[in-house]
Each structure stands twice: as structure tokens, then as C-alpha cells.
Amino acid sequence: CTDGVNSYTCACTTGWQGTNCDSNIDDCSPNPCVNGACTDGVNSYTCACTTGWQGTNCDQDINECSESNNCAVCVNRVPLYFCLCESGSYEGILCRWAIIGSTTYRVPATTTATSYAAANTICAGLDEGGGYLGEPTSTNLPTILTKVVARSTFVSGYMWINVVRSSGSTWNFGKSNTVATTNFESEANVVNNCAVMRISDFKWIIVSCTSFTADVFCERAITGKTTSP
């Protein structure tokens, strides 16, 4: 502030304007975010980029083909990409879902959950309509080990699966209510517990439904989609 005779003038600091420097300059006008939405700050702004773009001003194309994926053929496009999956082995965006029998399975990269409910939510929110917690069986475990586990990044050493104890010693698959009776470690009968699968030997371990951290093992029906958008 500079004093005058019955007056004053303000030299505003960067980002402010007006007689009393009390009006924030709109740094989003005109919109600097080429492919995104702008949020104004004080002498600053942030951009929320639309899918396929990155950078301070959302003007840099993301090369999806540089990501780890199972594409047999991957061609980067502006802004998206084209991904052709290995026939009969994987499907979905970047071919992340492994085809095993009549279903597909996936472990989201470096994703863990601390409850059965949270694990279900993660599976439901995955690409192309989501899925549900997987139900591995003794017959497909060797294939799961090869196609899913070997291509995933695990954090906890355990996987959430779709099995809960309904009462006594009765365990049910949550999706189909099928009784699960094999491959469990011996535990005392406690009502409403859940199970995770130990990755080292695929033994099902009884845990709390609300306080155990484990990776999320998801399943869904085959969609037949073998290419990206």
C-alpha cells in the first residue's frame, strides 16, 4: 500500500487484483487444460485430464502400449490405443483378464483390501463392467498359478476369495451359495468369518472379514471382448 492525500494505492502481490487486491485472478481463463477440466488456485491452476491424456496442461498423450500388458498386438493412438489379445488366453482392456475354462480371472496390480466387503467393491469397479471375488477350485489352481498369479504383483502374500463361513463349520461361496469343504486349514468354528488364499501353497486361511489385508482375486464371465476401445 502507498499512502496518498485522502487516498491510497495498492500494488498487488502475484495472483491478486482489484482496488484492495482482494480479487483472485482466474488462472483458468482462458482454459489452459487442453484435454481436461481446470481448477483455479492463487497464481496457479490444476488440470484433471480426460482419459488418455497427461501433463500439466493435459496435452501429452499417454502411451498405453508402454504399460505392462498381455496384448498380442498393441498400437498407441491419440489419445487411446488398440490392443489385440492373445487368442483364447486373455481378454478385456490391455488383456488383463486371464481366460480359464468358462470364466476369466484377474488380480488388480498392487491392490489390497482390508475387508471382504472392500474386496468385493474393488472387483465390482474394475473395467468393462467389473466382476466379483473369485472362486478358485482344485482343478483350475495350476492354470491360475500360470496365467494369473505369475503375471500379478502381490503385496500381502494372500488373496481375498469369495468364501465365507455361514455357521458352525459350513463354508459357502458367496456368489452361488455352494458349500466349500476342502483345502482349509484347521480352525475353531467361529460364525461369520471369511477366508483368504495363501499364495505360496494355495491353502485357504480363515481370517476376520473386517480386518485382514490381502490382495484381491477377481472373477467374471467371459465377455468375448478381445480388443481395447
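Including glycine, each Cβ sits where the backbone N, Cα and C put it.
Note that this is a predicted model, so its numbers are computed, not measured.
Feature list (source: TrEMBL):
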type	residues	note
DISULFID	C12-C21	disulfide bond
DISULFID	C28-C38	disulfide bond
DISULFID	C49-C58	disulfide bond
DOMAIN	1-22	domain 'EGF-like'
DOMAIN	24-59	domain 'EGF-like'
DOMAIN	61-96	domain 'EGF-like'
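Sequence-remote contacts of a segment are chain residues at least 6 beyond its ends whose Cβ falls under 8 Å from one of its Cβ atoms, and for the domain 'EGF-like' (61-96) they are 35, 50-54, 104, 106, 109, 127-128, 147, 151, 222-229.
With a cut-off of 8 Å between Cβ atoms, the residues of this chain six or more beyond the domain 'EGF-like' (24-59) that come close are 14-17, 78-80. The CA atom of C21 (disulfide bond) is located 19 Å away from the CA atom of C28 (disulfide bond).
Put simply, C28 (disulfide bond) is 19 Å from C12 (disulfide bond) when counted between their Cα atoms.
In the domain 'EGF-like' (61-96), the DSSP tally of helix, strand and coil residues is 6 helix, 14 strand, 16 coil. Here the Cα atom of C28 (disulfide bond) is found 13 Å from that of C58 (disulfide bond). Across the structure, C49 (disulfide bond) and C38 (disulfide bond) place their CA atoms 9 angstrom apart.
Separating the Cα atoms of C58 (disulfide bond) and C38 (disulfide bond) is a whole-number distance of 10 Å. Sequence-distant contacts of C38 (disulfide bond), defined by Cβ-Cβ distance under 8 angstroms and a gap of at least six in the same chain, are D27, C28, N31, P32, Y45, T46, C47. Just so you know, the Cβ of C12 (disulfide bond) picks up 14 other Cβ atoms within 10 Å once every protein chain is counted. If you count neighbouring Cβ atoms within 10 Å for each of the disulfide-bonded residues C21, C49, the highest count belongs to C49.
Fewest other C-beta atoms within 10 Å: among the disulfide-bonded residues C28, C58, that description fits C28.
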